[in-house]
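Read the structure below first, then the notes.
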Amino acid sequence: MKIIVPATSANIGPGFDSVGVALSKYLIIDVLEASDTWFVDHDLGDDIPNDENNLLLSVALKVKSDLTPHRLKMVSDIPLARGLGSSSSVIVAGIELANQLGQLELSDEDKLTIATEIEGHPDNVAPAIFGNLVVSSYVDQTVNSIVADFPESSFIAFIPNYELKTSDSRGVLPSELSYKEAVAASSIANVAIAALFSGDLEKAGQAIEGDLFHERYRQQLVKEFARIKAIGQENNAYATYLSGAGPTVMVLAPKSVENDIKSAIDALDLDGETFLLEVDKEGVQVVD
Ligand code: HSE
């Protein structure tokens, strides 16, 4: 059995801690034979444990503590700490592992509630579970989500070679916004979502770039952001935004200009790599 979980890009401008989209990079967990002890085989670096301390297993055993140990192989092309939901994908995989080995028959809503409690916000875990674009709220321990198709768009992702920890990126945010600022920020988010749902990517793009919740505080942490945004604007992109907590910079653009934008970013010779990604419409999958 294999458990496959997509990468995710959260926030999409003003949808801070609420909005995310599943994208075509993947974590794959191969569930091998039962064993006396748990072992996670991977080549993700020495910092990632092979035993029950691995996030995948700690989540699975939190969901069901008496699962039969297995050998597992973990492969991922979702880079760590880059704003593409790598830890959320592991959390969702861990819940699915417990669901499958423990025959728990969890619904997607059950998985979402468990994942959001662990992660603290639903914006990455929800699209990792459902696929597509997901808009969620998480208030008083209750999650509500709406899943929708993302309008036809290219996702051009510049992934820097350095990591940015979410905790550090959250550390530069203010603890409060004034009532007036909160109303303005939420009205921009409303327009962004309404425009995405009605397929108006031009209008959505303006609202995405109008974010008042987080990007203005975080831009200083991602030195490539301004130059890539300028390339987007020169090439008729819909919008450029910081993916999740960064440092990945995402450009949304018509398909017709995706190669021009990728080439222009590559020509900057920045320390990182540019990928053309697709929306994943499946979310977490279990295959035999
Ligand atoms: N919404 C989160 C943030 C995503 O921007 O901090 C990363 O966990």
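Quick reminder: no glycine exception, Cβ is built from N, Cα and C everywhere.
Record features (TrEMBL):
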| type | residues | note |
| --- | --- | --- |
| DOMAIN | 54-131 | domain 'GHMP kinase N-terminal' |
| BINDING | Pro79, Leu80, Ala81, Arg82, Gly83, Leu84, Gly85, Ser86, Ser87, Ser88, Ser89 | ATP binding site |
| DOMAIN | 192-265 | domain 'GHMP kinase C-terminal' |
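In sequence order, Ala7, Ile78, Gly244 are the residues of the same chain, not among Pro79, Leu80, Ala81, Arg82, Gly83, Leu84, Gly85, Ser86, Ser87, Ser88, Ser89, whose CB sits within 8 A of the CB centroid for the ATP site. Residues of the domain 'GHMP kinase N-terminal' (54-131) grouped by DSSP class, helix first, strand second and coil last, total 43 helix, 7 strand, 28 coil. Local packing around the binding-site residues Pro79, Gly85 was summarised as the count of other Cβ atoms within 10 Å of each Cβ; on this measure the leading residue is Gly85. The highest number of surrounding Cβ atoms within 10 Å, among the binding-site residues Ser87, Ser89, is found at Ser89. Within 10 Å of the C-beta atom of Gly83 (ATP binding site) sit 29 other C-beta atoms, taking all shown protein chains into account.
All protein chains considered, the CB of Ala81 (ATP binding site) has 18 other CB atoms within 10 Å.
Taken together, the residues of the domain 'GHMP kinase N-terminal' (54-131) have an average pLDDT of 97.
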